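One structure is given below, encoded as structure tokens.
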Amino acid sequence: MKLVIVSGRSGSGKSVALRVLEDLGYYCVDNLPLPLIGSLLAQLKSSNDLVAISVDVRNIAEQGKVLEQQLALLPPETEISSFFLNSSDKVLLKRFSETRRLHPLSRSQMSLQEAIKLEGRLLEPIAKMVDHHIDTSLLNVYELSDQVRQILLGSVDKELVINIESFGFKHGMPTEADFMFDVRFLPNPHWETELRPLTGLDVPVQEFLARQPLVHKLIWQIENLFETWMPHLERNNRSYLTIAIGCTGGQHRSVYIADQLAKRFANGKHVVNARHRELGDVKA
């Protein structure tokens with residue numbers, strides 16, 4: 001089992017780091033009481049071997065000592081990585097002022113600046129224990145995400161899930177699509193009597209559409225579009241991409257195009273899911 005511990009001063013980007021971990025498949029728990037670490041891992045052992053927790057000033061009581069004790073009790077095969085995120089006092093003050101969020105220690109009679117300084121002192125025991133320190137003072141959300149991925153994976157690239165869905169316009173458009181292509185202008189197998197009862201997954205329909213130059217050109221252009229822009233979509237903190245292909249009834253043209261695109265995108269780098277809505281969720 002792998003355990004990642006994320007700590008740091010409020011406003012330094014812990015929530016961003018947790019989102020990255022969640023996208024990587026980690027079961028994330030924010031502000032877990034430290035004595036519960038062992039119980040959490042034992043409970044998740046059979047269902048999830050990737051776990052991430054955040055530790056912050058809200059469960060402060062002798063954190064460093066308690067954390068050290070809890071980690072010593074974990075099974076020896078547990079792989080532990082830890083991060084401490086920090087920013088300069090000036091940057092943290094600016095971030096809290098801009099977002100108008102309440103600092104966890106501001107409920108007492110102290111100023112925001114005093115709360116920020118006190119939090120830094122309280123978290124010093126944790127900061128001395130961790131493997132990786134990240135100063136986020138000059139980082140934006142995307143740069144911080146890349147750094148976390150780089151440390152965990154050895155690369156800033158992440159596995160983008162591509163969902164390709166065929167549908168029929170007469171049954172309504174899918175609401176979850178990021179990109180939608182209307183292929184109703186392509187030659188329609190519906191008008192071929194012997195092809196009408198078949199679908200775009202059947203060989204006779206595939207052979208019919210494969211003979212159409214317009215079909216080849218469209219597939220090539222869609223593939224080229226995403227090959228060009230996919231790296232930029234991946235760097236934009238995106239975990240999945242949904243591409244919808246629509247024809248009139250969702251039986252022939254859209255099914256064939258979606259099926260062909262799924263095969264072309266399945267190059268090992270991406271997880272590709274093909275769904276044909278009007279065929280009762282049949283997978284390609």
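Backbone N, Cα and C define each Cβ position, glycine as well.
From a predicted model like this one, the values you see are computed outputs, not experimental measurements.
Swiss-Prot lists GLY8, ARG9, SER10, GLY11, SER12, GLY13, LYS14, SER15 with the feature ATP binding site, giving sequence analysis as the kind of evidence. There are 24 other Cβ atoms within 10 Å of the Cβ belonging to SER10 (ATP binding site). For the recorded site, SER10 (ATP binding site), the DSSP three-state label reads coil.
Same-chain residues at least 6 positions away in sequence with a Cβ under 8 Å from that of VAL57 (GTP binding site) are, in sequence order, ARG9, SER10, PRO104, LEU105, GLU119, LEU122, LEU123. Annotation source Swiss-Prot lists GTP binding site at ASP56, VAL57, ARG58, ASN59.
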Using a 10 Å radius around each Cβ and all protein chains in view, which of these binding-site residues has the most neighbours: ARG9, LYS14, ARG58?
ARG9
Per 10 Å Cβ neighbour count, which of the binding-site residues SER12, SER15 ranks highest?
SER12
Among the binding-site residues GLY8, GLY11, GLY13, SER15, whose Cα is within 10 A of the Cα of ASP56 (GTP binding site)?
GLY8
